[in-house]
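Contents: one structure, followed by commentary.
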Amino acid sequence: MKFSELWLREWVNPAIDSEALVDQITMSGLEVDGVEPVAGRFTGVVVGRVVECRQHSNADKLRVTKVDVGGERLLDIVCGAPNCRAGLRVAVAMLGAVLPGDFKIKVAKLRGEPSEGMLCSFSELGITGDHDGIIELPAEAPIGQDIRDYLQLDDNTIDISVTPNRADCLGLLGIARDVAVRNRLPLHMPAIETVTPEISDTLPIRVDAVEACPRYLGRVVKNINVSAATPLWMKEKLRRCGLRSVDAVVDITNYVLLELGQPMHAFDRARIEGGIVVRHARQDETLTLLDGSDVTLSLDTLVIADHGQALAMAGIFGGGAYCISPTTRDVVLECAFFNPLAITGRARRYGLHTDASHRYERGVDPALQPRAMERATALLVAICGGQPGPVIDVTSASAQPQPATITLRRKTLDRLIGHVIPDEDVSDILTRLGCQVSRTAEGWQAVAPSWRFDMAIEEDLIEEVARVYGYDAIPNVPVRANLVMPHHREAALPLARVKTLLVDRGYQEAITYSFVDPKTQVLLHPQQAPLVLPSPISQDMSAMRLSLWTGLLGAVVYNQNRQQQRVRLFESGLRFVPDNAADLGIRQDLMLAGVIAGPRSDEHWDQLRQPVDFYDAKGDLEAILELTGKLDDIEFRAQRHPALHPGQSAAIYLNNEAIGFIGVIHPELEAKLNLNGCTLVFELLWEKVAERKVPEANDISRFPANRRDIAVVVADDVAVADIIAECKKVGANQLVGVNLFDVYRGRGVAEGFKSLAISLILQDTARTLEEEEIAATVAKCVAALKQRFQASLRD
C-alpha cells in the first residue's frame, strides 16, 4: 500500500518529522518498505503562461514561444513538446535553475532562435509517471509561483506492507486512524455529505447469493460528461499512491478506494439489460474481461449480472463490454460488501490479482458502503456533472457480520504483557481504537469496531493495548519461569540422536515444502489420491505431500544441476494421507526419509570412484535401526513400489508390520525427474521405530569363542536374511554370531544358484565348548538349511 505523506497529514498531522512518522508507523505494526520523495531535487522552476507559440522557421519539431512568468517582460523559450500551445499554463525552468542531475539552465540558441529557459515535463523534474510532453497546469495556476509550492512536491511516498489481519489499513482512512490513536490526536476526515437526488431513476437490484453478498448499493447518475478532465490534485494523489490516471470516472472510483479502502465499480447504464442481479455463475458461463481476455467461470464464482448475462466478477474484475466508454452518458455506481470467503482464492484461480480482490479477500468495513457511495457521487457530479438518482441499498441484516463482543481480564492483560498499564489508559486506548468499552468486575468488555475483523478474542485486545501503549514504553523485565524437569523415558529414541547419526555418515538435513507439485507426486504415488489445496500458493505447490520423497528428489535435481555429484540428504516431517477414519479426513504421519546419489565417497587418490548401490542405503538404514535395538526383528521383503526399481526395492517390516520402503528409483521415473544416475531412497514411519529396547546387562563370557566357516549353495531367489535367521534359530543356545562374508557365482556353481560363505561364532557363558559340541551345532545348522532351502555344502 503506497500513500502520500502530505495526504495523510491532511487527516492527522502529528508534530513529528517524516523519519519519526515512519518509525511510528512501523512500531504500530505496519512495516514500512520504502520512503521516496515524490519529485527530484530542483530549484528555480515557476508557473508560467504561454502567450505566443509559433513554428520554428528551421525545425519542424520545434516551437518558439513567449512565456509570461510574472516578470517585467516575456521570456523567449524554444520548446519541442507537441502539446505546447498558446494559453497553456506550464512549469518554466528560469535562467539559473538547477534540475535533477545537476542540470543548469543557461541562455542558449536553438537553430538560431534564443532560448531563455525551459518548459519542463514531469520526467525532467524527477517526477515519475507516464505523462507525455510538457506539464499542463490548470488555468487558475498563479503565474510566477514556485512549482514546488503549487504542486506540493515537498512530499514523500510511503510504501507499507499490510499484514492480512489489518485490511482496514488498505485505505488512507485506516492508516490515519492508527496514527491519530498513537498520537492522541483527532481525525480530520473530509466532509462526506449526502447527495440529494435530482432524478427519480433507479435500477432494479436483486441479490440471490445473500450469504456471499450481504450488502449491495447501486445508484444511477445520468448525463455525465465522460470526457471531463480529472483535476490535477486528484491525478497527483493517485500518482503518489502508484496509480495512473485513466479517465475521470475510473479515477474517482480509484480515489475512493485509496481514501476509504472501499472498492467501487461503474457500469455503462445503456448496456445493462433490465436490472442488476448478484448471483453465482452458471454452468459454462463465460465473461470477457476489461483486458480483453475470455474466462470460463466456475460455479462458485460470484458475479454481477443483468437479466441476460454476467457483467463482472464480483469483487475481482469488470467485464469489458459494460465498462465506461467515450460514448457513455449514464452510469451505474456499484458499492458492495462481499463475504471474504466468497472472494478468497477466486482471483488466483483465474490468474488475476486486483486492488479490489486484495481488499475483499481480507475484508472491508461492512458499514462503509453508504459513505463511499456518497463520496464517489459527490466527486462524480463535481467533476463530470450529471444528475444523481436515489441510492438503492439491498442489505441482509442476518448475513451481515456482527462485531465481536470481547471480555478483557485485568490479570490476563498483566500476565501476557508483563507490565501493569493503568486502568484509565487501557480504557482510553480501547475507546480511541473505536471500541465500545464498559467496565466489568474482572476488567473490561469491548465491542470491536466494524472495520476491525481481526478483533475476535481476548488476546487480540491485549495485542492492541500493547501496540498503542508502545512496545518501547514497556520496561525490560528478566524472564521468570517455574522450571520443571522434563520426563524422559529411557525407551524413547530421540529423533535428534538419529539425525546426528546420519550427519556422521555424511548426510545433510533438508527441509522441503509440505506443498508439492501434483504432477511430480503422481509419478511417485500413482495409486494414491492426494489432498489438493483449494487456494494454493502456486500451481506447482497445490498438493499436500504423500511422502517426503517428492521434496527430497527435487532437492537432488537442484543440487545436480549445480554440479554437485555426491548428494546425501535426509528429512523428517509430516506426510498427509487422506483417511476417512482420521480427524478431518486427513492422517498426518511423522516420517524419516533419506536419499543418496552419485559416488560412494568423496574423490580421493587412494579410493576408486564407485557409484552408490542398494546396499549403501541399506547399510545406512540398518545403522538407524541398530539404535532401536530391534534390528533382529526387522525384515526386508522384496516388494514392488511404483516409484522403485522392481529388482532393487524392498518393503521394511518390523514384527510383520510394514513400516517403510527402500530402493532404487525406477529408471523410467529417473528420466522423467531429470535425475543424473542411480538414486536410492528410503522412508520410515518414525513412530514405529521411536521406541527402542532398553539395554539389559548380560554376563560377558570368560570362555573362548570358536569360529567355523561353511559355504552353502542355494537358489538365487533365497534371501540371505532367511539363511541367517534359520541358523540363529537352530543354534540359539550356543551360536552368538552369524555373518555372511562372501557371495560367489561362477565356475563350480550351477547357473541359477549362488554360494554363500557364512561364519558361525559359537560360545558358552559357563564353560569351554568341546569340539564335538561345536561340530554338532554346525551340523544342525547345515541340516536345517538343507531341509528348508535345499542347500548343499559346497566342496
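Just so you know, glycine gets a Cβ as well, placed from its N, Cα and C.
Residues or ranges marked as Mg(2+) binding site in Swiss-Prot (evidence: sequence analysis): Asp454, Asp460, Glu463, Glu464. In three-state terms derived from DSSP, Glu464 (Mg(2+) binding site) belongs to a helical segment. Listed in sequence order, the residues of the same chain lying 6 or more apart from Glu464 (Mg(2+) binding site) and placing their CB within less than 8 Å of its CB are Ile429, Leu430, Leu433, Met455.
Look at Swiss-Prot and you will find 39-148 tagged as domain 'tRNA-binding'.
What Swiss-Prot lists as domain 'B5' is 401-476.
If you look up Swiss-Prot, you'll see 701-794 marked as domain 'FDX-ACB'. In the domain 'FDX-ACB' (701-794), helix, strand and coil residues by DSSP number 30 helix, 32 strand, 32 coil.
Applying an 8 A CB threshold to same-chain residues 6+ apart, the list for Asp454 (Mg(2+) binding site) reads Asn165, Arg166, Asp460. For the domain 'tRNA-binding' (39-148), the mean pLDDT of the prediction comes to 91.
Here the Cβ of Glu463 (Mg(2+) binding site) has 17 other Cβ atoms within 10 Å, regardless of which shown protein chain they belong to. In the three-state DSSP classification, Asp454 (Mg(2+) binding site) falls within coil. A simple way to gauge crowding: the CB of Asp460 (Mg(2+) binding site) has 18 other CB atoms within 10 angstroms, across all the protein chains here.
Highlighted in sequence order, Asn165, Arg452, Met455, Glu459, Leu461, Ile462, Arg467 have their Cβ within 8 Å of the centre of the Cβ atoms of Asp454, Asp460, Glu463, Glu464, the residues recorded for Mg(2+), and are not part of that set.
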